[in-house]
Each structure stands twice: as C-alpha cells, then as structure tokens.
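Heads up: the structure comes next, in structure tokens.
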Amino acid sequence: MEGVIHPTDTSAFRDCFSLAWKNPYVLRLAFSAGIGGLLFGYDTGVISGALLYIRDDFKSVDRETVLQESIVSMAVAGAIIGAAIGGWLNDRYGRRTALLVADFLFFVGAVVMASAPNPTLLIVGRVFVGLGVGMASMTAPLYISEASPAKIRGALVSTNAFLITGGQFLSYLINLGFTNVPGTWRWMLGVAGLPALVQFFLMVFLPESPRWLYREGREEEAKAILLKIYTAEEVETEMQVLKESIEAEQQQKGLDEKINITQLLKTKTVRRGLLAGVGLQIAQQFVGINTVMYYSPTIVQLAGIASNQTALLLSLVTAGLNALGSVVSIYFIDRTGRKKLLVISLCGVIVSLGLLSAVFHETTSHSPAVSVAATSHFGNYTCPDYGSAGVGAGTWDCMKCLKASKPDCGFCASPNDKLLPGACLVSNDNVKEMCKQEERLWYTRGCPSKLGWLALVALALYIIFFSPGMGTVPWIVNSEIYPLRFRGVCGGIAATANWISNLIVAQSFLSMTQAIGTSWTFFIFGVISVVALIFVLVCVPETKGLPIEEIEKMLEMRSLHYKFWENSSSSSLDNNKKGQSV
C-alpha cells in the first residue's frame with residue numbers, strides 16, 4: 001500500500017545528516033521507530049511474490065481466485081482495525097508501547113504464516129500482520145515526529161516513507177533470493193519476523209515520546225529525554241513549546257468533542273475540503289496502484305512470462321521505480337505544485353493503463369493455437385474439455401485452453417518457438433514436469449505473446465507517473481486543506497476511505513480479470529483515471545505556498561484555480577487585486 005509522504009525541503013536532509021553526525025542518538029530513535037515503516041512496506045510487497053508459490057502448494061488457492069484475493073486483502077482488513085485500535089493505544093499507553101504491540105503482532109503473524117498447514121491459517125496469520133501494519137503505519141511517523149528536533153523533523157519523518165517503499169523493494173529482493181529454496185513462500189513470509197524482533201528489542205531500551213510523557217504529567221522524564229535530543233539552552237524553549245502545544249491540544253479536544261458529521265457537512269469549507277481530500281484518497285486506490293503492488297508478478301505472468309523467477313525479477317523493477325518516485329516527489333512537490341503534479345501524474349497513468357489494456361487485448365485475442373499433434377504427443381494427459389470438443393477443437397487456442405475447468409488445464413508451448421501451436425493438457429505437477437523436461441514453457445496464467453515486453457514497459461510507465469504524483473500528493477493535500485479545528489477528524493475520515501478503497505480493489509482484482517478479462521479490467525481502471533483527472537481539475541484547489549486562511553477562502557468562494565499551469569500564489573494575488581478594484 002502507498003504510505004503517508006510528508007513534504008520537506010531538500011536542505012532539511014543536509015541538516016539531518018549534519019545533526020545526526022553530531023548527535024547519533026536522534027538518528028537511533030528515528031531508525032529504530034522507522035523499522036515499523038520497513039515492516040509495513042515489506043509485508044505489503046512480499047505477498048505478491050509469495051502468492052505464486054502458495055498457489056503451487058495449495059491447489060485450492062490455485063483454483064479459487066477468491067482465496068488468493070483473501071490472502072492478500074485480509075492484511076488490509078486487519079490494518080483498518082489496527083489503525084483504529086492504534087489510535088486509542090497511542091493515546092492511552094504511549095507511542096513506544098504501541099510499537100511494541102505492533103512488533104508482537106508482526107512476529108506472531110509471521111510465525112503463523114510460515115508454519116500454516118492450510119490456507120485458512122495462512123489468512124489468520126495475514127490478519128495478525130495486518131493489525132501490526134495498521135498500528136505501525138500511524139505510530140512510527142508519530143514517534144519520529146515527537147522525538148525529533150524541529151529543524152529536521154520533516155526530513156526524519158520522510159525517511160519513514162522511504163523505508164516503506166524501501167521495504168517493498170527489499171521484499172522483492174528477498175522473494176527472488178528464496179525462489180530456489182525448499183519452502184519458498186514460507187521463508188518469504190517468515191523473514192518479516194526478524195526485523196519485528198530487532199525493533200522490539202531496540203524499542204525496549206528506548207524512551208517514550210517526550211510529548212506523550214509531558215501530556216501525562218511526567219515532565220521530568222520528558223525533560224531528561226529532551227536533554228539528549230537538544231542542547232541545554234534549547235531544552236527550556238522546547239519545554240515551553242510543549243506546554244503551549246499541549247494546552248492548545250486540550251482546548252482543541254474540547255471543541256472536537258462537539259464535532260459531528262452533520263456539523264462537518266453543514267460547514268461549506270469543510271464539506272468542499274472533504275470532497276477534495278476523500279475524493280483524492282479514493283482515486284489513489286481506484287486507479288489501480290495496489291493491484292500493481294500486490295499482484296505485479298501475477299500481472300507479469302498474465303502478460304506471457306511463464307517462469308515464477310522471471311516474473312519476480314521483472315516485478316523488482318516496479319518496486320524500485322516506486323521507491324525512486326517517492327524521492328522524486330520531494331524535489332518537485334514545492335516547485336511544481338500539488339495540482340499540476342496530480343494532472344501530469346494522472347495523464348501518464350491514463351496513457352499507461354490504455355497501453356496495458358491494448359496489449360492484453362492483443363495477447364488474449366492472438367494467442368497460439370492448440371495443435372492436435374502436439375497434444376496427442378503427451379498421451380493420456382489431454383485436457384478433457386479439449387478432447388471432447390470434437391470438430392470444435394480446431395478453433396481452440398491457448399486462452400481457451402486456460403479457461404477450461406474441471407479439471408484445470410495448462411498450455412505446453414512448442415519447443416521451437418513459443419508462438420507456434422502447442423499442447424492443451426491437464427494441469428498438475430507431473431504434466432508440468434513432463435512439459436519442462438522437453439524444454440518447453442508451461443503456462444497456466446497467461447499465454448505466450450510477442451508483445452509481453454510492451455506490457456512490462458506500460459507497467460513501468462504506470463509506476464513512473466503514479467508514484468511522484470498520485471502516490472504522494474493526496475496525503476499532502478489532506479494535511480493542508482482542512483481548517484485546524486477539523487483537521488484531525490477529517491484526516492481520519494480520508495485515511496479510512498483510503499484503507500477501505502484499498503481493501504475493495506485488492507479483494508476484487510483477480511475476480512475481475514477472471515470474469516471480464518485482464519484487458520477490460522485495466523480499461524476500467526483507465527476510465528476511473530479519466531474521471532479522477534476531471535475531478536482534480538474541478539474539485540481540488542492548489543494549496544502550494546498558501547496559508548490555511550487563503551485555502552479556506554478558495555473553498556468558500558469556490559475559486560478553485562482551474563489554470564493549474566499558472567503559479568497559484570500569483571493567481572491569488574491577481575484575484576485579490578480584481579476584488580479590490582470592483
């Protein structure tokens with residue numbers, strides 16, 4: 001899943017490295033908490049490769065796409081619950097305790113998954129890990145933010161986002177490393193227990209967040225920790241800032257208790273802010289990003305790559321580009337502007353999805369034919385549906401063979417050229433080995449195609465365009481667009497909308513590819529992306545460089561700055577001048 005990215009200036013990173021050199025304690029705090037982000041990224045990425053081998057071990061999973069989707073999406077369902085529990089746990093028992101609980105859940109989930117004797121227990125393990133993901137996703141950046149010097153806070157919190165995408169990249173590397181090891185997927189999923197164990201022991205010896213301690217009335221403990229983070233001269237100032245902040249928070253809490261949904265919807269600026277913020281979070285998921293992150297090796301196989309190992313290797317590219325995109329966004333976000341970056345991102349996504357849809361249409365409609373001679377070569381292993389087709393067998397091709405059921409069938413490609421007519425056979429381990437022994441490729445997910453490489457290019461383009469824009473900007477806009485009084489409540493609503501949308505997409509993707517085909521599935525994502533582009537142009541204001549008062553005024557007057565290519569600040573000044581002259 002796409003994590004929360006906090007904007008920060010590149011100079012903050014220089015200050016970060018400089019301060020870390022002088023005071024490694026700060027870096028130790030940030031790194032220890034940041035392992036939660038790494039675990040978050042690792043778990044969302046690892047399942048994409050593990051799923052290929054889980055299907056091989058559990059035939060029920062291979063036959064039922066709903067089971068595959070459940071194995072992926074139950075972690076997301078657990079994360080929704082974990083995030084809700086994590087909020088209460090953070091306030092009641094502290095950030096450190098919440099991270100320790102998250103590590104425990106991660107570890108238990110990893111052990112359960114690695115030792116699962118059946119798909120049901122595997123799903124239970126995924127729920128445990130999801131609970132840990134939900135808690136870590138909100139607690140890690142919070143702990144880092146509250147235990148970091150103000151000057152480099154943005155840079156250190158941003159490292160948590162890098163660790164999320166870095167964790168996804170690492171998961172693909174580890175998946176690739178375990179492809180030839182007995183018990184492949186068990187190792188892939190079980191490895192997550194190690195960093196959880198490391199973080200647990202690191203956090204045992206680290207202090208609680210000074211902000212939380214101060215709020216709980218433990219001022220001396222808070223001061224002792226601040227003395228390790230700041231110089232003695234800066235500590236008194238920071239204590240005063242903490243005092244004012246806690247007082248403001250308590251005052252805000254009293255106001256928040258009076259907030260209800262009716263009040264939110266009746267307030268014009270909040271209603272329009274929610275429309276933009278929640279709409280962006282839903283769009284982020286429904287343009288299909290987590291189908292790529294959760295299912296990229298499967299998508300690569302649907303494009304005509306038979307080997308699990310090759311599919312994982314090629315999927316590594318998408319994870320690397322996603323990690324790179326989160327770095328690129330930091331450079332462009334305050335130079336280009338939020339809205340312009342969203343528009344460029346969505347235009348690229350639309351083109352990429354259109355290309356993916358076209359390629360998959362071509363591969364499915366022009367797949368290699370099934371040969372009677374090639375099939376009879378394997379004796380009694382002919383696919384029953386093909387064998388009973390009679391005269392109609394002459395119209396069979398690879399795609400029709402893969403759609404056969406009871407029992408499932410696979411396509412054994414020609415040994416000379418995979419695009420020539422091949423054999424349609426019963427799909428089982430024995431037949432698979434017989435096919436491979438003759439140096440033929442065995443297909444059960446997608447069919448051989450000369451355009452498979454173009455699908456990989458389109459997938460890479462999709463990530464290149466999505467990651468710096470739609471991957472990061474929705475979170476940034478949601479941190480800026482709401483009035484201060486409503487920011488916590490509205491931010492929570494938007495984040496929940498993101499998780500729920502993530503769950504819907506993860507639970508439905510494979511079923512859609514099976515019901516309407518991969519081409520039409522990506523076409524639907526493309527249509528949703530066009531709708532999202534129109535939505536951004538009409539409903540999302542440019543918030544770059546604007547104070548909250550100016551944003552509220554835009555939402556109130558509905559002057560949403562349609563000319564996204566112009567500088568929002570100068571446009572705002574022009575509007576003010578026009579208003580004064582009237």
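Keep in mind that glycine also has a Cβ here, set from the backbone N, Cα and C atoms.
TrEMBL has this to say about the protein:
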type: TRANSMEM; residues: 29-51; note: transmembrane segment
type: DOMAIN; residues: 29-544; note: domain 'Major facilitator superfamily (MFS) profile'
type: TRANSMEM; residues: 71-90; note: transmembrane segment
type: TRANSMEM; residues: 97-117; note: transmembrane segment
type: TRANSMEM; residues: 123-144; note: transmembrane segment
type: TRANSMEM; residues: 156-175; note: transmembrane segment
type: TRANSMEM; residues: 187-206; note: transmembrane segment
type: TRANSMEM; residues: 274-296; note: transmembrane segment
type: TRANSMEM; residues: 311-334; note: transmembrane segment
type: TRANSMEM; residues: 341-360; note: transmembrane segment
type: TRANSMEM; residues: 451-477; note: transmembrane segment
type: TRANSMEM; residues: 489-510; note: transmembrane segment
type: TRANSMEM; residues: 522-540; note: transmembrane segment
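If you look at the transmembrane segment (489-510), the same-chain residues 6 or more away from its ends with a CB under 8 A from one of its CBs are 1, 65, 68-70, 72-73, 76-77, 79-80, 83, 87, 134, 256, 259, 264, 270, 273-274, 277-278, 280-282, 284-286, 288, 290-291, 294-295, 298, 474, 478-479, 482, 521. At the 8 Å Cβ cutoff, the transmembrane segment (97-117) and the transmembrane segment (187-206) share at least 3 close pairs (sequence separation 6 or more) and count as touching. Under the criterion of 3 or more C-beta pairs below 8 Å, with sequence separation of 6 or more, the transmembrane segment (274-296) and the transmembrane segment (341-360) qualify as touching.
Outside the transmembrane segment (341-360), and at least 6 residues removed from its termini, the chain residues within Cβ reach (under 8 Å) are 280, 287-288, 302-303, 329, 332-333, 451, 454-455, 457-459, 461-462, 464-466, 468-471, 473, 517-520, 522-523, 525-526, 529-530, 532-533, 536-537, 540, 564. In terms of C-beta pairs under 8 Å, the stretch of 71-90, 123-144, 187-206, 451-477, 522-540 lying closest in packing to the transmembrane segment (311-334) is 451-477. Taking Cβ pairs closer than 8 Å, the transmembrane segment (451-477) reaches residues 2, 4-7, 276-277, 280-281, 283-284, 287, 289, 292, 296, 299-300, 303-305, 314, 317-318, 321-322, 324-326, 328-329, 332-333, 338, 341-342, 344-349, 351-353, 355-356, 359-360, 362-363, 498, 532, 540, 543 in its own chain, all 6 or more past its ends.
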